[in-house]
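Visitor: So that we are looking at the same thing, I have put the structure below in structure tokens.
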């Protein structure tokens, strides 16, 4: 061992190699991934189990439960450090509890040093509240901010109520489509589907219906009238002037009487004509397409009109089958022949109440999205043959 002198003192200099703690090896090694369910109930974990079976992995070990005071508690039973974590959360009827389960689990994984936390939320709640109405609020934007604050870094969802919702998020959003699965169901399960016509229940759904019609090479019909109210009519809440001209306190600038009558005439012009169908549905199978079916009164009314116009079978195709309140009973007693929805939302109880409700499994595309995101592959393959307006 060589000896060096520094200021009259001797120093030993070792030529032994520097100690290595394997940091470089850890950095280049590929981390794994885990799939968790943010709800422990059987109905909500069914989709998560289907996805993990397709991926060939086990569902992550965790416990999600409600304490006696209804607080949500999450216990993660395995290490997630440095891994990509996918949280699958299907939204049951208790929407707010499901949101808290997702937020608490995401924060628990964040504080456990997960590398990335990706939320798989097939049906995104509060998606209808994405526009300002009167003195309300854009709740969908609030929820997007809460998810980001809890630690989510990515979201996989399906058929958002409005595509513009993706702009509420500060992280990537993959908005998958269920239309290829529903179109396959039409081609394989509806006899003589070539004699069918695609129907848009409202003018706002015409673009989605046109996308289905073009891929199936079928005709298109659009319904409009007083039974349906456009979202744009209620968007900003500026329905003025009030019906009464009486005011209290300081009156301010007095408007001329002609302005009052002009505004009243505009309000009367917004009254919609009786419901009509643009397109010939006589002697054909009518297939109504929409992104979700919740309160079914509008669908039942539409089916009655189509029956009056000569349609001999009525099908409803929707991605999200919320089927709230008395939906199963109303469907069973209506002119609707079949309601086809995907399993983005658990609805096994509703199926037992109404045999007209059928389910299409979309776990395949969700599993493929998880695999591609973890491996850093392009998602374009999942959007092939998807129209811009779908």
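Keep in mind that glycine also has a Cβ here, set from the backbone N, Cα and C atoms.
A TrEMBL annotation is a machine prediction, not a hand-curated record.
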Visitor: Region 'Disordered' per TrEMBL sits at which of 170-189, 190-209, 210-229, 230-249?
Guide: 230-249
Visitor: Can you count helix, strand and coil residues in the domain 'Ribose-phosphate pyrophosphokinase N-terminal' (40-151) using DSSP?
Guide: 43 helix, 22 strand, 47 coil
